[in-house]
Structure formats: C-alpha cells, structure tokens
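S.K.: Here's a structure for you.
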Amino acid sequence: MISIYLVLVVGCGLTQVSGQIDRRRFSNPTYYNVGGVLSSNESIAFFKDTISNLNFKDKYVPRGVTYHDYSILMDPNPIKTALNVCKDLIAHRVYAVVVSHPITGDLSPAAVSYTSGFYHIPVIGISSRDSAFSDKNIHVSFLRTVPPYSHQADVWVDVLKHFNYMKVIVIHSSDTDGRAIIGRFQTTSQSIDEDIDRKVVVEQVIEFEPGLDSFSDKLIEVKSAQARVFLMYASKTDAEIIFRDATYLNMTTTGYVWMVTEQALDAANAPEGLLGLRLVNATNEHAHIQDSIYVLASAIRDMNKSEEIYAPPSDCHNSGSTWTTGPLLFDYIRKQSLENGATGHVAFDDHGDRVHAEYDMVNVRAQGEHVAVGKYFYSIETQKMRLELKENEIIWMGRSSSKPEGFMIPTHLKVLTIEEKPFVYARRVAEEIECTTDEVLCPHYNASDEADQLYCCKGFCMDLLRYLSKAINFTYSLALSPDGQFGNYIIRNLSQPGAKKEWTGLIGELVYERADMIVAPLTINPERAEFIEFSKPFKYQGITILEKKPSRSSTLVSFLQPFSNTLWILVMVSVHVVALVLYLLDRFSPFGRFKLANIDGTEEDALNLSSAIWFAWGVLLNSGIGEGTPRSFSARVLGMVWAGFAMIIVASYTANLAAFLVLERPKTKLTGINDARLRNTMENLTCATVKGSAVDMYFRRQVELSNMYRTMEANNYDNAEQAIEDVKNGKLMAFIWDSSRLEFEAAQDCELVTAGELFGRSGYGVGLQKGSPWADLVTLAILDFHESGIMESLDNQWILRNNMLNCEENEKTPNTLGLKNMAGVFILVLAGIIGGIVLIVIEVVYKRHQIKKQKRMEIARHAADRWRGAVEKRKSLRASILPSQRRAKSNGVKETGSISLAVDRGLRRRDEPRVPRYMPAYTPDVSHLVV
C-alpha cells in the first residue's frame with residue numbers, strides 16, 4: 001500500500017489528502033506554506049497577492065498543488081523578530097521564509113536567518129547586502145536576490161579595463177564588507193581567463209577604521225604614488241570625511257579619477273566628476289518579493305519530480321529532529337534561474353548570493369546631480385555581464401571632458417643593475433668624484449654603509465641607460481645589486497591551494513615596486529614576464545656551453561698520435577712475424593743459401609733469424625739493406641709484399657703526423673646540449689649554471705632536460721664569475737650560461753671555447769614594473785636605437801672590440817713545430833744512444849769474458865796436447881825398447897842401468913830440469929802404454 005503524507009496548513013493539522021498519486025512509490029505534499037518577514041504592511045499585502053496569483057500559474061505550480069502565505073511585520077528588535085518567527089511561521093510548517101530589511105536596525109534579518117537556519121529552513125533575503133550573509137558556517141540556509149556589496153568589485157574591474165586603467169589605489173573600511181570587496185577585487189582582477197598583459201595592479205591599499213575624524217595623513221602617503229585612480233568603499237559618513245580631506249589636498253582635480261560604491265555615492269560633498277555604482281531595482285522591494293517567490297516555486301516544482309518531500313518542523317522547542325528536506329530545498333533554490341525576472345536575470349552562486357545583478361554607472365555633476373552614463377547588465381546573447389558606457393557624456397574631475405591618463409609619470413626613476421661583463425663593469429671607489437666621464441655612480445642597493453659601498457659602473461648597459469634617459473627624458477639614480485643575483489621565485493605554502501610565488505633579488509625589488517627599472521642583461525622569459533614588464537629586446541642571444549679547450553694527453557709522445565695503440569702493436573708484431581716467416585722460407589727452400597752455400601764459389605752467408613729481423617726492420621724504416629737478404633724466390637715475394645706494406649704504413653704515418661702536429665686544433669669535448677655525456681647522469685662530467693637565473697628556469701621548464709637538471713642542480717653557482725674562473729682552472733668541465741657573456745669570455749681567453757649551437761634563444765630586455773607607463777616609451781626608444789645603428793655601435797664598442805680575431809688568426813695559420821712538439825723524437829734518439837752505449841758496454845764485458853774463457857780453453861788444449869805427445873813418445877819408445885830387451889835376455893846381457901838411463905833421457909823433455917845425480921834414478925812405468 002502506498003503511504004500518503006498529509007500536510008497541515010495554517011496550523012489546521014492534517015486536513016486533506018493529496019488528490020494525485022505520483023507514479024513513484026511515494027507521494028509529496030500538495031500544500032506548501034511560505035513565510036514572510038517584511039518591512040511594511042504594503043509589502044505584506046503584495047506578498048499575499050503574489051502567492052495568490054502564483055497558484056494560477058501552471059508554469060510554476062503543477063495542477064493539484066497550492067501555496068499559502070504566512071507573513072509578519074519585521075520588528076527592529078532582533079529577539080522579538082526571532083520569537084515571532086517561531087510563533088507565527090515555523091509553527092505553521094513553512095517551507096521557506098522571505099525576509100526583508102527593517103526600516104531601522106540591521107540585526108533583525110540575521111535573527112531570522114539564525115532561527116530558520118537552525119531547522120534548515122531556507123531563507124531568501126531581498127534587501128540584505130552585508131557580506132557576512134555569504135558565510136555558510138553561520139548563515140547555513142540563507143540566499144538573496146540582491147548581491148552583496150563586495151560584488152561591486154566585478155563592475156570595477158570591467159570599468160577599469162574599459163578605460164585601460166591598469167594601476168589603482170584602493171581605499172576601504174576595515175569591516176567585513178571592506179575586506180570582502182578588496183579580496184574579491186584582487187581575485188577578479190588577476191583572473192587567469194583574462195589577457196595576462198591587462199591585469200589590473202593594485203599599487204597601494206589603504207584600510208581605515210570606520211568613524212573617521214581625519215584622513216589627510218593617509219592621503220598624503222599616496223599622493224606621490226604613480227596611480228591616480230582611486231577605488232573607495234566607505235560608508236556615507238566616512239566618505240564625507242575622505243572627500244573633504246581629498247579636496248583640501250587638491251586630489252579631486254584634473255588628472256584624478258575616483259570610483260566609489262553605492263554608500264559613498266550618497267555623500268553630500270561628493271566631488272564633481274565622481275563615478276559611482278548604483279544597483280538597479282535595489283529599493284524595489286515588491287520586485288524582489290515576486291522574484292523570490294517564483295524562484296521558490298520553481299525549486300519545489302523541480303524537487304517534486306525526483307525527491308521525496310517531508311513536512312517541515314512545527315515547533316521551535318523540538319530541536320532533536322532534523323528536517324532532511326531543508327538542505328535539499330536550499331540546493332534546488334540555489335540552482336534556479338529566472339531569465340526575465342522582475343529584477344532582471346536571477347541566478348545564484350555557490351554561496352547563495354545573487355549573480356548577474358544590474359548596475360547603473362552614475363556620474364556626479366554640479367550641485368550633486370547624479371546622471372547615469374552607463375549600465376552593467378546581463379546579455380542573453382553572450383550569457384555574460386556586459387558593460388556599456390557613454391564616454392562622451394562623462395564629466396571628469398576638474399570638469400574635464402577628456403579621459404585622464406590615470407597615472408602620474410615620475411621623471412626620476414630608481415634604476416637597478418648588476419655586474420655582468422661586458423654589459424656592466426663595476427669599479428670600487430672611495431668617493432663619488434673618482435668616477436670618470438664614461439662611468440656612472442652605482443652604490444650597492446640598500447647598503448648600510450654607503451661610504452664603503454661606492455662603485456663606478458660602465459659598459460654596454462650603462463651607455464644604453466644614458467641613451468634612454470636622453471631619448472624619453474627622465475633622470476635616474478643607479479644602484480648595484482649587492483649579491484649579484486637577478487632574483488628567483490620561491491613558492492610559499494606549496495601544499496595549500498593559495499600557494500604564491502615570492503620573488504627575491506632585483507626582480508623582487510621590481511615586483512614589490514621598490515624600484516622602477518632594471519637595466520642589465522636581463523633575460524626575457526615567461527616566469528619573469530608574468531610579474532614584471534619587459535621592453536623589446538635590446539640584444540638577442542641564447543644559451544650555450546663554455547668549456548676549456550682539451551689539451552693533448554702528452555707532448556712527449558706526440559709523434560705516436562697518428563696511429564692508435566692497437567695499430568702500433570700490430571705493426572710491431574707484423575715486423576717480427578714477417579721476419580720469422582722469411583727465415584723459415586729461406587731456410588727450407590731448396591734454392592735458399594742454406595742449400596746453395598759455396599757451390600758457386602761465393603762466400604755469402606746464409607739468412608739467419610737475426611738477419612731476417614734486420615731485413616724486416618730495414619724495409620719498414622726505409623734504410624739500405626746491404627746484407628742478409630733472402631735468396632729463395634718465395635722469401636723474395638714475401639719481401640716485396642712487406643716492402644709495399646711498409647710503404648703504405650710510412651706514407652700514412654707521415655700524412656697523419658703532419659695533420660696532428662702541424663694542423664691539429666683542439667676540438668670541444670661536448671657537441672652541444674644534446675651530447676649524450678650531458679644527458680647521461682652516470683657520466684663523470686660536471687656541468688653547472690647560476691642558481692635562480694633565467695638559464696636555471698629554462699632547465700626547470702624543459703621536461704626532457706629534467707634528468708640533466710637534477711644532476712647539475714647540486715653544482716650550480718651563486719654567480720657567473722666564480723663559475724667561469726672554475727672552468728679556467730679545470731674545476732668545472734662545462735658552464736651553461738648566456739651566449740653573449742660566454743662568447744665574450746672565449747674571445748678574451750683562447751683556451752676557452754663555446755660548444756655546440758645556441759639553444760633556448762631569447763633576448764635581453766629592460767625590466768619595468770607591471771603596467772609601468774614607461775614600458776611603451778622604452779620599447780619605442782630601443783626599436784629606434786636598432787634602426788639608427790646605436791645598438792650596433794654599442795656592440796662594436798663593448799662586445800666585439802676584443803673579439804676573436806687573434807684566436808681566429810692562430811686557428812687559420814699552421815702551427816710551427818718546436819721542441820715541445822718534437823721532444824719525444826729527441827728523447828727517442830737519446831734513448832737509442834743510451835741504449836747503444838749500454839749494449840756496447842755489455843758487449844765489451846761479454847767479449848772479455850769470452851776471451852778469458854778462450855784462454856783457459858787454450859791452456860787446457862795445450863796441456864792436453866802435451867800429454868797426448870808424451871803418451872805418443874812413450875808408446876814409440878816402448879815399442880823400440882822391448883825388442884832390445886828381448887834380444888838381451890836371449891843373449892844373457894844385463895843392460896838394465898843403461899836402458900833405464902836411456903829411457904829416462906828419452907822421456908824427459910828438453911826444458912825439464914834434470915834429476916840430480918844424488919837422487920835415485922827415475923824409471924818410468926811404461927807397461928800401461930803397451931797396446
């Protein structure tokens with residue numbers, strides 16, 4: 001069974017059952033009560049009539065649905081108003097409350113919002129414009145058909161952009177609405193949807209406490225500012241004080257522009273030429289009542305189609321229950337839109353505030369007359385707000401009919417620069433009078449001890465500054481960066497949505513308007529252009545890499561460079577392999593000298609291994625070979641091939657030696673930014689740039705260079721001077737920086753060279769504040785300098801005067817070989833001489849050893865010969881004695897003594913001493929000599 005909810009209307013309880021059953025599984029009420037807390041009886045009567053007429057509009061009220069009204073008169077006492085809401089509205093189960101504004105007092109609408117919001121009953125305000133009602137933490141269910149005062153900032157932004165006023169001064173009270181309007185203005189003026197070059201810049205904000213007695217001191221502070229456009233949010237009373245003091249200080253005369261909100265527009269002493277805003281239908285309470293009722297009916301109609309609607313609470317004393325339909329109804333009301341409402345196009349934002357409200361632009365004339373000179377309305381075609389102004393009808397301050405410029409161009413500028421050769425040279429001095437005519441005094445910026453921080457600057461940029469000051473007529477005071485930094489941005493509160501970039505260095509001084517201009521080699525890039533203004537480039541350049549020219553590994557072995565180590569080893573091995581093969585061919589060939597030796601009567605020696613090696617080296621070194629040549633045909637064929645090989649090797653070596661020693665020029669180690677050694681983080685190659693510089697920003701911006709940037713980030717320097725010095729000393733292998741500076745350094749020192757082609761092309765520009773009136777003048781002057789040749793003359797004077805002529809001349813002419821180049825050859829000859837001396841000593845020692853050995857062998861040989869002769873004599877003597885002894889024995893004669901004496905005489909040598917007579921006679925035993 002489908003349950004049917006019956007709703008009690010006017011406290012009658014559950015009286016009637018819905019006559020129409022929805023197709024869904026639930027049914028919604030057919031009676032809806034709407035409450036009203038209005039400021040007058042006329043408004044109450046109109047409220048009743050509007051509800052009554054609503055029931056006959058099928059567009060908003062489906063058939064079978066009826067609306068009833070319950071309204072009370074607003075009491076100035078907020079407590080009584082809250083009690084009346086409980087007693088007369090909530091007790092009758094109202095679905096929503098329409099609230100107006102009391103004639104006196106301001107707190108009653110808030111009391112209605114608090115009371116109804118506690119039970120999540122939507123409240124539609126028709127006249128409350130305080131910004132506090134936008135806070136959904138307090139006013140949880142409050143909507144309104146009028147915009148808050150802070151929404152006038154949207155109209156301000158469009159009016160300023162229409163008149164091209166890009167720099168303003170904002171004056172506002174320090175209450176909720178004042179802080180809300182400046183916050184909304186800054187957010188809207190910096191919207192990313194608009195052109196980045198047309199953002200409105202707030203030069204200064206003046207916040208004051210309500211209830212002013214005097215405003216002169218604050219006005220005097222801003223009188224010297226550049227902006228002449230004042231935006232003011234103040235109450236009528238405070239506005240009268242401000243206008244009084246501004247008139248006294250002549251700040252409401254020709255050249256000034258004042259734009260105010262609705263409250264200040266009603267000031268009695270509003271000056272002639274004032275521009276103000278007035279909300280269309282702001283006081284037409286009946287129109288707002290009608291729009292609010294129709295919006296509510298549209299929301300309930302849409303909600304009926306898809307949501308189950310429960311009856312609202314009926315008792316303020318029952319706080320335990322929660323009306324779940326209330327927040328849903330609030331969201332449906334917030335999503336509604338009336339194209340042709342009584343007050344125009346009705347729509348709400350996320351806070352429930354009215355959007356697309358229409359305003360009139362009012363111009364104050366003489367005797368306080370207010371004349372509408374424009375309107376801000378919703379365009380159905382574009383579905384956006386549109387501004388239309390009748391500029392020719394506007395009377396400006398000082399009764400001028402022409403639009404003021406909106407700013408005062410100062411004639412004296414604070415200019416900052418930085419030491420960067422050859423654009424700026426800084427020389428320390430003790431007194432100002434020490435600067436020469438081509439120098440400009442440039443003390444350190446914000447230096448505490450000026451006497452110790454005086455410098456004189458000259459260079460390309462200093463001459464450019466002189467030309468600019470004469471061309472566009474301004475004076476200047478120059479200051480030098482104390483830390484040598486252009487500036488970098490630091491992102492604060494990175495984890496939070498409101499993260500902001502805070503700039504340091506010279507850029508920060510310009511961003512925060514503590515300086516007017518930067519004349520230095522300042523690279524134009526997107527990060528900087530978002531916060532400061534740039535002129536057209538006065539010099540185009542890019543990024544390149546500086547490195548030291550690679551030196552030869554060793555001058556002592558320069559003559560070995562034509563061939564690689566591998567080739568030298570192969571040549572050495574080839575010599576000995578060919579020598580060995582020659583020896584073997586000649587040794588085993590039947591026609592070699594080993595086989596034909598001495599046959600033809602010659603005494604030519606055969607080819608041995610030593611002669612073969614000598615032959616191979618002799619052919620290779622092109623020396624004459626007088627002996628030890630191969631004899632066989634096979635060996636001679638190999639010798640001819642070896643001679644051809646030697647000719648090619650020697651010719652190649654000679655040609656390459658000339659190229660290496662005479663025409664050789666050191667090449668760069670790197671080929672450019674795409675060199676694999678730079679991209680490879682594992683390569684032992686140190687490269688760096690300057691921290692927080694434009695080059696550093698370039699690497700952070702390029703995704704493909706992220707790996708390289710992470711490697712070089714730890715090596716980055718504080719300034720370019722130190723990095724260039726480390727490149728010269730070999731501590732840094734590659735320094736990445738602006739091409740103009742690095743090419744200049746390479747021209748000063750021929751040992752330095754730039755590697756690869758330029759990348760990250762950009763230009764140097766003059767930096768100015770965002771929206772600076774000098775931007776166009778400086779740009780036009782620089783373009784004129786390019787056309788007239790002034791820039792070319794500055795290039796010739798400062799950048800090209802010490803160009804690369806000397807280095808180029810040295811590059812074009814061949815090198816003259818000296819002892820440094822050929823020292824290795826002389827050392828090789830010296831080594832050969834020393835080696836020869838050492839070898840001859842070894843040969844002499846060896847020869848003496850051989851002679852001694854030969855003498856000992858000769859003595860031994862003589863001894864052996866003597867012994868052999870003695871043995872032979874004894875053999876012959878024995879042979880002659882034995883027959884005689886036999887004959888004597890046969891004859892019986894004893895001749896022993898004479899025979900012994902004869903043998904003794906025969907065996908003793910002539911030079912041997914005779915045996916004394918008194919010694920016993922020696923009788924040799926020759927029995928062993930008998931064969």
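Backbone N, Cα and C atoms are what each Cβ position is placed from, and that goes for glycine too.
Features from TrEMBL:
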type     : residues                       : note
SIGNAL   : 1-19                           : signal peptide
DOMAIN   : 432-801                        : domain 'Ionotropic glutamate receptor C-terminal'
DOMAIN   : 444-512                        : domain 'Ionotropic glutamate receptor L-glutamate and glycine-binding'
BINDING  : Pro521, Thr523, Arg528, Asp738 : L-glutamate binding site
TRANSMEM : 567-585                        : transmembrane segment
TRANSMEM : 637-663                        : transmembrane segment
SITE     : Leu670                         : site 'Crucial to convey clamshell closure to channel opening'
SITE     : Arg700                         : site 'Interaction with the cone snail toxin Con-ikot-ikot'
DISULFID : Cys750-Cys807                  : disulfide bond
TRANSMEM : 822-846                        : transmembrane segment
S.K.: Given Leu670 (site 'Crucial to convey clamshell closure to channel opening') and Thr523 (L-glutamate binding site), what distance in Å do their CA atoms have, once rounded to a whole number?
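M.R.: Between the Cα atoms of Leu670 (site 'Crucial to convey clamshell closure to channel opening') and Thr523 (L-glutamate binding site), the distance comes to 25 Å.
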S.K.: For the L-glutamate binding residues given in the record (Pro521, Thr523, Arg528, Asp738), what is the largest pairwise C-alpha separation in angstrom?
M.R.: 16
S.K.: Can you name the far-off residues of the same chain, 6+ from the ends of the transmembrane segment (567-585), with a Cβ under 8 Å from a Cβ of it?
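M.R.: Sequence-remote neighbours of the transmembrane segment (567-585) are 560, 592, 607-609, 612-613, 615-617, 620, 630, 632, 634-635, 638-639, 642, 645, 649.
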S.K.: Roughly how many Å separate the Cα of Arg700 (site 'Interaction with the cone snail toxin Con-ikot-ikot') from that of Thr523 (L-glutamate binding site), to the nearest whole number?
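M.R.: Rounded to the nearest whole number, the Cα-Cα distance is 15 Å.
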S.K.: Other than Pro521, Thr523, Arg528, Asp738, which residues of the same chain sit close to L-glutamate? List them in sequence order, counting a residue when its Cβ is within 8 Å of the Cβ centroid of the site.
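M.R.: In sequence order, the nearby non-listed residues are Phe486, Leu522, Ile524, Asn525, Ser693, Ala694, Ser762, Tyr764.
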S.K.: Including all protein chains displayed, how many Cβ atoms other than that of Asp738 (L-glutamate binding site) lie within 10 Å of its Cβ?
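M.R.: So the number of other Cβ atoms within 10 Å of Asp738 (L-glutamate binding site) is 27.
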S.K.: Among all the protein chains here, how many other CB atoms are within 10 A of the CB of Arg700 (site 'Interaction with the cone snail toxin Con-ikot-ikot')?
M.R.: 13
S.K.: Out of Leu670, Cys750, which has the highest number of nearby Cβ atoms, where nearby means within 10 Å of its Cβ, if these are the recorded positions?
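M.R.: Per the Cβ count within 10 Å, the most buried is Leu670.
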S.K.: Under 8 Å between C-beta atoms and at least six apart in sequence, can you list the same-chain neighbours of Pro521 (L-glutamate binding site), or say none if there are none?
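M.R.: Non-local contacts for Pro521 (L-glutamate binding site): Ile418, Glu420, Phe423, Val424, Cys461, Lys539, Asp738, Ser740, Arg741, Tyr764.
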S.K.: Taking just the CA atoms, what is the gap between Cys750 (disulfide bond) and Thr523 (L-glutamate binding site) in Å?
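M.R.: Rounded to the nearest whole number, the Cα-Cα distance is 27 Å.
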S.K.: So how many other Cβ atoms are close to Arg528 (L-glutamate binding site), meaning within 10 Å of its Cβ?
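M.R.: The answer is 24 other Cβ atoms.
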S.K.: Neighbour count, 10 Å Cβ-Cβ cut-off, for Thr523 (L-glutamate binding site): what number do you get?
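M.R.: Excluding its own Cβ, the number within 10 Å is 23.
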S.K.: Which whole-number mean pLDDT does the model give the domain 'Ionotropic glutamate receptor C-terminal' (432-801)?
M.R.: 81
